[in-house]
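Data block below; observations after.
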Amino acid sequence: MDVETSAKGREALASVPNTPGAPKPDPIVVGDGITRTFGGLTAVDVEHIEIQRGVITALIGPNGAGKTTLFNLLTGFDKPDAGDWSFNGNRLAGLPAFKVARLGMVRTFQLTKVLSKLTVIENMRLGATGQRGEHFWLSMLPPLWRAQEQANTERADDLLRRFKLDAKREDFAGSLSGGQRKLLEMARALMVDPELIMLDEPMAGVNPALKQSLLGHVKSLREEGRTVLFVEHDMDMVRDISDWVIVMAQGKIVAEGRPEQIMADPAVIDAYLGAHHDADLSELDEARIEAEATAELDQEAKND
Amino acid sequence: MDWGSIFSNAMASALGPDAIVYALAAIGLNVHFGYTGLLNFGQAGFMAVAAYGLAASVATWGLPFWVGIAIGFGAALLLALLLGVPTLRLRADYLAIATIASAEILRLVFGSVTLSDWFGGSNGRQQFANTFYDMNPYSSRLDFGLFSFSANDAWVFTVGWFLVALSCLAVWSLMRSPWGRVLKSIREDEDAVRSLGKNVFSYKMQALILGGMFGALAGFMLAIKQQSVIPTDYATDITFFAYTALLLGGAGRVLGPVIGAIIFWFLMTFLGGFFSSAASIDLIPDVVMSDIQASLVRFILVGAGLMALMIFRPQGIFGDRREIAIDGR
């Protein structure tokens with residue numbers, strides 16, 4: 001599948017209309033009527049969402065648009081008030097987070113969650129699924145899990161080399177820099193061998209040099225035939241690597257489309273920058289202040 | 001002042017039944033707190049249900065000793081399940097509150113007048129470990145030169161350290177396995193573990209049960225060594241002394257709780273002996289404090305020592321300084 005899947009996925013997107021909640025030819029995730037309220041605030045209110053298989057989809061929107069909340073809901077880290085969604089045809093509503101991950105839908109976190117007091121390689125080994133040594137009784141009998149552990153370690157070492165963390169193999173993960181932690185988290189998620197990898201702000205706090213290599217890594221995920229969904233504020237990254245962009249504002253999906261279309265969409269620009277983003281604010285202010293002052297003077301004149 | 005007897009008492013206490021009980025309790029806390037990050041403040045409760053399970057089975061209901069042991073383990077398992085199901089999904093501090101409360105509830109229940117037909121009220125239950133002492137191969141005092149144990153204490157000493165060694169071996173083999181890796185990862189960040197497809201709740205429950213089983217062993221040893229259970233023996237201070245031993249030795253290290261318990265009991269007995277004899281020969285005049293007061297100074301000093309440890313060597317004796325340094329980042 002691999003390269004083929006992603007090429008096919010991208011081709012298929014060409015015929016998808018640019019309407020919020022547009023149906024995709026081969027969706028890996030389909031969601032309906034997902035709402036989540038915190039007290040009186042509706043954080044997420046998504047009528048319909050579909051994520052195309054084998055491509056990189058970006059989820060953008062201003063702060064507080066509900067992107068991370070939607071991430072939490074889809075992956076079982078938070079429970080919605082209502083809604084139904086599925087991954088590869090499996091219903092996920094009500095499923096705990098660990099079962100969602102086992103199905104092949106793995107996420108990372110906006111604030112990286114490395115296991116500080118474990119070494120980098122131990123962080124990686126943890127990611128492997130179906131480990132016999134993780135059963136209580138079997139764990140006391142090393143011969144039963146040593147071969148599997150060896151295979152997992154080799155896979156982990158390959159990933160560490162790919163993400164250029166092999167020099168840090170034996171260091172505590174807590175001693176890594178912010179960017180290296182992002183890399184480790186992404187590499188660790190790959191140990192699960194997910195079909196869909198969801199990255200929550202992979203570029204936040206990463207220096208420009210590392211950013212380029214991170215971009216390359218995200219693209220390589222697509223080349224492997226994985227589906228990527230990421231939340232990001234960095235518009236350069238969105239334009240550079242995403243095949244499809246979903247825009248959220250105030251909990252709703254307000255627009256969808258290919259990145260170059262989205263960047264030109266007035267609804268998006270409004271949501272992101274405000275309706276008056278291209279007007280000179282000082283002019284606006286002057287006009288308003290003048291109007292207010294005139295009104296005040298008139299009022300005074302009347303009172304006298 | 002008789003330095004010889006102060007020192008030999010301290011050694012006997014550091015290697016004797018007292019240290020064994022605290023070492024086992026602290027090994028359990030090490031699984032809970034040191035490896036999994038579960039703040040169990042109710043280890044006394046696990047010890048109490050096991051000890052009373054044994055004592056009441058034998059002394060009240062006339063069951064065989066080994067059935068009593070099985071009932072004691074069963075009671076500790078049940079307690080872990082009852083505590084874990086509602087609290088393990090919550091944040092760590094809720095577990096701390098729930099465990100300390102349930103340990104106190106258990107102590108009060110075991111001491112209650114209503115249930116005194118079963119548990120003997122504040123007098124507790126006695127003479128339930130005869131089967132254990134019948135197996136004693138020692139017929140006379142066991143002499144180590146500097147100090148000696150009575151035949152019964154020698155038997156407790158032998159079985160006790162064997163159990164401690166076995167427990168350490170079990171903890172060592174579990175914690176170097178992938179199972180132990182999951183526990184340590186939960187201690188660091190349970191959401192990360194969840195995102196990688198591990199059932200965090202199940203692992204926390206397994207850890208709570210395992211640590212509770214070591215607590216049960218500690219409860220058995222405490223009950224057996226004095227052939228008696230009374231409710232006041234299972235008050236919360238036993239939990240906190242076990243924590244002191246754990247932090248002294250180093251949390252998250254296999255031998256930490258054992259070395260910690262030995263040092264803790266050496267210091268407690270040594271300082272207690274030193275201050276009471278210093279007061280009795282008027283090295284500390286009566287105006288300053290009486291000899292009863294003087295023997296309590298050890299608690300102040302151990303507390304101060306623990307504070308100094310936290311400031312100057314927070315990782316304990318066996319800990320790794322690098323690990324602590326990470327927390328500061």
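Just so you know, glycine gets a Cβ as well, placed from its N, Cα and C.
Residues or ranges marked as transmembrane segment by TrEMBL: B:6-31 (among others). Tertiary proximity for the transmembrane segment (B:6-31) is limited to same-chain residues at least six positions away from its ends with a CB under 8 Å from its CB atoms, namely 40, 43, 46-47, 146-149, 153, 156-157, 160-161, 163-164, 167-168, 171, 183, 207, 210-215, 217-218, 221-222, 225, 238-239, 241-243, 245-246, 249, 251-253, 256-258, 260-270, 273-274, 277.
Feature annotation from TrEMBL assigns transmembrane segment to B:38-59 (among others).
TrEMBL lists B:65-85 (among others) with the feature transmembrane segment.
Long-range contacts of the transmembrane segment (B:92-110) within its own chain (CB-CB distance under 8 A, at least 6 residues past either end) are made by residues 37-45, 48-49, 52, 79, 82-83, 86, 119, 124, 229, 231-232, 234-236, 239. Here TrEMBL flags B:92-110 (among others) as transmembrane segment.
Tertiary proximity for the transmembrane segment (B:154-175) is limited to same-chain residues at least six positions away from its ends with a CB under 8 Å from its CB atoms, namely 15-17, 20-21, 23-24, 27, 30-31, 35, 132-133, 135-138, 141-142, 183-184, 210, 214, 217, 221, 224-225, 254-255, 258. As annotated by TrEMBL, transmembrane segment applies to B:154-175 (among others).
The transmembrane segment feature in TrEMBL is assigned to B:207-226 (among others). Packing against the transmembrane segment (B:207-226) from elsewhere in the chain are residues 17, 20-22, 24-25, 27-32, 35-36, 38, 40, 43, 46-51, 54-55, 69, 72-73, 75-77, 79-81, 83-84, 88, 128-129, 132, 153, 156, 160, 163, 167, 174, 183, 186, 233-234, 242: each is 6 or more residues past its ends and has a CB under 8 Å from a CB in it.
Sequence annotations record features per position, and here TrEMBL assigns transmembrane segment to B:238-255 (among others).
Residues 1-2, 5-7, 9-16, 18-19, 22-23, 241, 244-245, 248-249, 289-295, 297-298, 301-302, 305, 317 of the same chain, all 6+ positions outside the transmembrane segment (B:262-281), place their C-beta atoms under 8 angstroms from a C-beta of that stretch. For B:262-281 (among others), the entry in TrEMBL reads transmembrane segment.
Residues or ranges marked as transmembrane segment by TrEMBL: B:293-312 (among others).
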Positions whose Cβ lies under 8 angstroms from the transmembrane segment (B:65-85), at least six residues beyond its ends = 42, 45-46, 49-55, 57-58, 95, 98-99, 102, 106, 128-132, 204-205, 208-209, 212-213, 215-216, 219-220
Restricting to the same chain and to residues at least six past its boundaries, which positions have a Cβ under 8 Å from a Cβ of the transmembrane segment (B:38-59)?
-> 25, 28-29, 32, 65, 67-69, 71-76, 78-80, 83, 88, 92-93, 95-103, 106-107, 110, 118-120, 124-129, 204, 207-208, 211-212, 215-220, 222-224, 229, 231, 233-236, 238-239, 242
